[in-house]
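Report on the structure given below.
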Amino acid sequence: MSSNIHANHLSLDASSSSSSSSSSSSSSSSSSSSVHEPKMDALIIPVTMEVPCDSRGQRMWWAFLASSMVTFFGGLFIILLWRTLKYLWTVCCHCGGKTKEAQKINNGASQADGTLKPVDEKEEVVAAEVGWMTSVKDWAGVMISAQTLTGRVLVVLVFALSIGALVIYFIDSSNPIESCQNFYKDFTLQIDMAFNVFFLLYFGLRFIAANDKLWFWLEVNSVVDFFTVPPVFVSVYLNRSWLGLRFLRALRLIQFSEILQFLNILKTSNSIKLVNLLSIFISTWLTAAGFIHLVENSGDPWENFQNNQALTYWECVYLLMVTMSTVGYGDVYAKTTLGRLFMVFFILGGLAMFASYVPEIIELIGNRKKYGGSYSAVSGRKHIVVCGHITLESVSNFLKDFLHKDRDDVNVEIVFLHNISPNLELEALFKRHFTQVEFYQGSVLNPHDLARVKIESADACLILANKYCADPDAEDASNIMRVISIKNYHPKIRIITQMLQYHNKAHLLNIPSWNWKEGDDAICLAELKLGFIAQSCLAQGLSTMLANLFSMRSFIKIEEDTWQKYYLEGVSNEMYTEYLSSAFVGLSFPTVCELCFVKLKLLMIAIEYKSANRESRILINPGNHLKIQEGTLGFFIASDAKEVKRAFFYCKACHDDITDPKRIKKCGCKRLEDEQPSTLSPKKKQRNGGMRNSPSSSPKLMRHDPLLIPGNDQIDNMDSNVKKYDSTGMFHWCAPKEIEKVILTRSEAAMTVLSGHVVVCIFGDVSSALIGLRNLVMPLRASNFHYHELKHIVFVGSIEYLKREWETLHNFPKVSILPGTPLSRADLRAVNINLCDMCVILSANQNNIDDTSLQDKECILASLNIKSMQFDDSIGVLQANSQGFTPPGMDRSSPDNSPVHGMLRQPSITTGVNIPIITELVNDTNVQFLDQDDDDDPDTELYLTQPFACGTAFAVSVLDSLMSATYFNDNILTLIRTLVTGGATPELEALIAEENALRGGYSTPQTLANRDRCRVAQLALLDGPFADLGDGGCYGDLFCKALKTYNMLCFGIYRLRDAHLSTPSQCTKRYVITNPPYEFELVPTDLIFCLMQFDHNAGQSRASLSHSSHSSQSSSKKSSSVHSIPSTANRQNRPKSRESRDKQKYVQEERL
């Protein structure tokens, strides 16, 4: 075949034109510039003896083109003719039908039944024919439809064969435009013939299935078939090949996107759009190049095909690209008139397409997810998935705590999943931690993205919340949906999620696979934030101490003898867990606690106790009745995890005579090697098997105190109308009250002398988001306080807002409301803010302002307003007229062994600076505005500022550390919640989820037993049994004495800020010192944080070992009752004394 072709690069069109002249005209040359131009006596059409081809070189391109044109226009004519005849037939039948119908109506009565049968038979035949045609049409539609497997296979096959036909065209484009070919010997022609037979059959199916034949005939795919299929059959008939319009097969590339969608390869809108643009651009490019290749190699017909030029197909592709891009180098250009005319129009359309399509294609390619792909798990290394609110602030805070150097076992890779790509700052943060952090773009609501991050093999999934969002309920709903999606994909995954609102935690209980016993946790920021603030009402500064305990802080050493030195030494302490050595088995908790503190330099505050049925409970300072079991888990306060190992390695035989705790390391005793707990990591808790700890702090084996037995005098003396508890026995409870009964007017509040109470100043209106005041009230109404020890709570704020909160507060006793504003000094004076134990400033309008620096403006203004107020000497007036103000423990009838015996009365407060205040802040940097006399830099971290160190400011951001702490040890969260919520349990949460309110219960032995749990207290050293240690004594001696004598566990000091100065100072501010060392020197003005046991005898006498919440200048306690009531030596005479009061005060007292 190749031998019959005279020259591969010769232009056939120019040569055929030359062959019509005489053979002797060899001197005349073609207009072609080809250097391989043949002599004019050569035959242009290759001739072989086997193929009957026209030896005269006659061109037959018109035959190929005519076959296509006849097919197209002939079919178009038939379709139009059919439609015309059908229309005329329909019109005629319509008119004839009316005539026949009229005749049928007129002659219907005279016609016999038999005359109608031929008509019925004809209608049945027509119906049968219509049914057959419809069936064939439906069958053809199914065959070409991509909705069935057969249709999809057929569609894909047609596309693949079209690409194959295009490839054959590329191969044949290197041959002359028209040449003689033997069908039986040309392999490419045979393949092309087979392809086109298949295309013809597929065309028939499409034609049958088409509803509108005319539009089908004019479709792009149909036009492609018209100009590519008939010429192949003409080639076989004429033994001649014409390259012609076969380049139109490139238009099939437009369907490439549809084919990929049929194969389920393209799923996203961006990928579909990208493939669409690319396929349209490439198909147009290749088709136009094919046309230029045809006309340039053929020449113009009116020029007798003499102005042709030899261009390969790929040179034409190059020409079209430089033309579309408007570059036009000029090395290749069109010479024929047809080619130039085509280029004129193509430049207009091609330039528009190039200018619009190419930038969009580049943008789609450039915007492809940089953080796509999938996570590849590393053998021997766990990974966690972090999702939710992913920002620079939230991620940096999380990583700073999670990857803290004090954690010695962080072999965990952190995988962040978020649907928005990180900004440059966040991307830089990820790069700085690239060895332990990876980021993937996606959504946890998409199962495909969950599979990408290997959620099924993840150790846990942590969901962060946006604490500063405008709609907390919507944010909680988003996180709940994330939990549902993750649990639906993998029910066994452990999830730790942040929640903003307490009432939204109930929705998590509706998720079937949510199981807190298996490690699932919901960290409710509102619950913990208000719980911390409530504990500061009982012991000022406690919120700061607890916040520092579960936050990882590095030790900052200060040489100067300043208050920051002692504060930062305590800040470096954190909460850890470790299994106790078998050397402690059988010893009581106080004995082990003293041994750990004195010898191991560790402070143990709680243990995990397993009852006979293997149920685990966390017991905080359980007392001397409980003995340590084998494999007991202890909760320690220490500076790092390595120190806590001493409790596990301690051996009495090997370490009894060691004085340096750093030398206590693992010894070679066989007893330690065989110890079962040694196989457990201190960070792996009950998730390795067994039941997770219940947050209850009361053990099942309760001490058998006769005061807890029903029928005892204690129960008989209980006033059933006052001393009631909820159904769990964890909180004081009363019958629901209408809000009108607890509302005080300003005059009523002023006439009712309040003292030792808690004033809650709240900013909120009818449209503000609820902050959940129940979480503030519940710790103040814990049942481990006796009723007379409960501090009265007075809310000052908008009545519209408080009405929305009242449904959750109406079951708590001693709650009053003063409608007004915390910025009104008259309202503040009416509630005797100078006599309160604590003033709490909250805001429900924090997140509705775009400027973060203005989010706390109301709280800051209220705080400064109170501090600038001046008061008279109200204390002296009260003491002169009423003995009822005597605080608990100050009564001279108190037993001599009371640790608070002989304390001084509260000094008079004449300035608002001395009022104990705790202010909630949203923006940490706003803490600089609370104290005007401090020197805090605006860039100083919150925990280093004076207001936070003094316990007068609290921000929700400090709770971010709980995510990391809970992951490494979920018992830490249980311990924190037990301390700050007053005893909230999952059972209580389930009950609140059902009724949204506490349910009253009878005082049964089981519920009364729940009262026997320790509580946080604050003791003064100025007087009492510890007074001898207050002046220069050691903290370690105080620790041991309190533990042995009263089972009280000391864990910190609340010291005056200027106590270290040699000269007296008028400053009344105090700061927190956490877990001071044994030899730490005490001063008389110190207040000691301690965990105090429940006093069963305090309910019958005002003299009790009770807590106190001191003001910044106070070293004594206040009563938490209405102090206009005269008291007697016996508490039981109080109702009688009330009857002797005037009627107005009695009514006001009943309202309270």
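Here the Cβ of each residue, glycine as well, is placed from N, Cα and C on the backbone.
Bear in mind that the values here come from a model prediction, so they are computed numbers and not experimental data.
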Taking 68-88, 530-550, 824-844, 1034-1054 as the choices, which stretch does Swiss-Prot tie to region 'Segment S7'?
530-550
For the Mg(2+) site that Swiss-Prot describes with Gln436, Glu438, which of these is also annotated: Glu393, Glu413, Glu475?
Glu413
Do Met143 and Phe262 come out on the same side of the membrane in Swiss-Prot's annotation?
yes
Correct range for motif 'Selectivity for potassium' (source Swiss-Prot, candidates 290-293, 326-329, 554-557, 578-581):
326-329
Match it up for me: which of 144-164, 228-248, 753-773 does Swiss-Prot list as region 'Segment S9'?
753-773
Examine the ranges 666-688, 919-941 and name the one recorded by Swiss-Prot as motif 'Calcium bowl'.
919-941
Beyond the flanks of the region 'Segment S7' (530-550) by 6 or more, those residues with Cβ under 8 Å of it:
570-571, 573-575, 637, 758, 771-773, 775-780, 791, 837-838, 840, 842, 916, 918, 920, 943, 948-951, 954, 958-959, 961-962, 965, 972, 976-977, 979-982, 1015-1018, 1051-1052, 1054, 1070-1072, 1074, 1089, 1107-1112
Within the predicted model, mean pLDDT of the region 'Segment S7' (530-550):
92
For the region 'Segment S7' (530-550), how many residues does DSSP put in helix, in strand and in coil?
17 helix, 0 strand, 4 coil
For Cys92 (S-palmitoyl cysteine), what is the tally of other C-beta atoms lying within 10 angstroms of its C-beta?
10
